[in-house]
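Undergrad: There's a structure below that I have some questions on.
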């Protein structure tokens, strides 16, 4: 009997643990917005004019009565699926009519139509975006977002996000309370100084912050009511914008030095005072400031720089994937010879991350870190960077080649990209230069002598016109035994005889949503190098062995939600191992540590927002 009682108590204890854990897993924040009724303090036309709560023709008859909508909508109640179908018919018909003339590309017309939907029905907008992510990610994000930013002053209709300017100094702490959301999980901020490869677009750069957050919602399931795009307007050095009477930003030259830092410092203090647990992603800051701001804030605030760290992470995943595609284990990565074209914030970010990854594989000590740098040859606008370069950028200095060593290789300070490729015979040619066509026929011809069994070409610059080469150019010169990846989307190349040249899109969208979601759900105090490394390695192992041997090292964007779940889970696991996690909502760090790998995956999935119309209940304020 005693044994039986003991067994019953043990079973009861296990059952209690299981129920508690199941209860925790089933308490995601999505239930608040997605399944339980939402309390609203408005009715009638006010509801129809509010994109957060508007359902259009999908309002049920009982809701129409409850919210004084009867008679304000056509009588047919449509399902969300029918709404999407009707929108798609509309889109196909209107995308041509919406053009401003022959010079206005279809992509911009599609952006306008999608933006109008976003303005009137937010849930429906994200339903369409998630359902058609392959088709519309290039519209709301790269490459079309570059065109949007270039024309944003003319496209601006409805305010979206917040603007903190140099004129607001001393007022930002009170300004943040003008934003209506009591909770903000994710901010994407830019100063517009280096939008994609298009240069200084000033205040118009807010388009990139809006586009990134659309992907946070679609890919990571961040609640759209808890995201905030931000522009820090400190002026512009774009003379065309300074002379344009229709330009919406401050028409003055950019602040610099301590004046510039004072504005960004005040912004950071203000947003973290109101929303202490927010995550801030820095986007498209010029190289001059990207690294300085990252080092200034990363150990104090939950923040990261997507151009420095996100681009680096995706590139590392691609580089590891290229090793796998050669039929070799990823541990062979430190043996790869890599020529890097571009030494801006993205290029240096990739170099630092790749060097750290190699060092970790070689023993993770000072000797390994020092030896890893010998695998890189960096070429900028002045040619190969060596220790003989005058006024060398401090960030590039660790990768400057030794002059004696270069002499032995038949190279010199300032050698051209073609010369470097010819002499080094690299395994990888990595482009982060923002110079379209940089990988010329001559450069690609030189890569034919690569010592690799399957050389890799990464033309990573955005938007499309800035890609260092096209896949057609690469495959036509080097044949089908190469790995090709680009930052912007290109179509696969038909090589004939049933052979396909796979064009992998090595885009940051595979990582930054998962990094943000994993940080949010772990409650990590900061975003560490280890968390970023875990994200990269998880992306690198996402593709099957069969896929990588075909030359497919990045997945289709149609799988973006699944990729993001797995990356977020890897980030959470690393945050727990580094003892950085503090938990999220009812799930504290101790409970998170008890979860199995499958339970962490379930926890992530349950906490991703889905675009479902909530039941609305009116309550008078």
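Cβ from N, Cα, C; glycine included.
Just so you know, TrEMBL annotations are computer predictions that nobody has curated.
Okay, so TrEMBL annotates it like this:
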type     : residues      : note
ACT_SITE : 141           : active site, proton donor
ACT_SITE : 212           : active site, proton acceptor
BINDING  : 194, 462, 507 : (S)-malate binding site
BINDING  : 283, 284, 307 : divalent metal cation binding site
DOMAIN   : 118-298       : domain 'Malic enzyme N-terminal'
Undergrad: Would you count the other CB atoms within 10 A of the CB of residue 283 (divalent metal cation binding site), including those on all shown protein chains?
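TA: Taking every protein chain into account, the count is 27.
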Undergrad: Select the closest residue to residue 284 (divalent metal cation binding site) from the following recorded positions, measuring between CA atoms: 141, 194, 212, 462, 507.
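TA: So, spelling it out, the nearest of the recorded positions is 194.
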Undergrad: Nearest to residue 141 (active site, proton donor) by Cα distance: which of the recorded positions 212, 462, 507 is it?
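TA: If we rank 212, 462, 507 by Cα distance to residue 141 (active site, proton donor), first place goes to 212.
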Undergrad: Can you grab the distance from residue 307 (divalent metal cation binding site) over to residue 507 ((S)-malate binding site)? Cα atoms, rounded to a whole Å.
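TA: Pair distance, Cα basis, whole Å: 11 Å.
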Undergrad: Given the binding-site residues 194, 462, 507, which lie close to the residue listed as 'active site, proton acceptor', meaning Cα to Cα within 10 A?
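TA: Correct set: empty; none qualify.
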Undergrad: Cβ within 8 angstroms of the Cβ centroid of 283, 284, 307: which residues besides those meet this for the divalent metal cation site?
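TA: Here the non-site neighbours turn out to be 190, 194, 195, 208, 282, 285, 290, 305, 306.
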Undergrad: Over the residue list 194, 462, 507, recorded for (S)-malate, what is the maximum interresidue Cα distance in Å?
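TA: With 194, 462, 507 as the binding residues for (S)-malate, the largest Cα distance is 17 Å.
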Undergrad: Out of the binding-site residues listed (194, 462, 507), which are within 10 Å of residue 283 (divalent metal cation binding site), Cα to Cα?
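TA: So the list reads 194.
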Undergrad: Please name the residue among the recorded positions 194, 212 whose C-beta has the most neighbouring C-beta atoms within 10 angstroms.
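TA: Answer returned by the neighbour count: 212.
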Undergrad: Tell me the Cβ neighbour count for residue 462 ((S)-malate binding site), meaning other Cβ atoms within 10 Å of its Cβ, over all protein chains shown.
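TA: Around residue 462 ((S)-malate binding site), other Cβ atoms within 10 Å: 24.
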Undergrad: Show which residues of the chain containing residue 507 ((S)-malate binding site), separated from it by at least 6 in sequence, have their CB under 8 Å from its CB.
TA: 141, 142, 314, 487, 488, 489, 554, 557
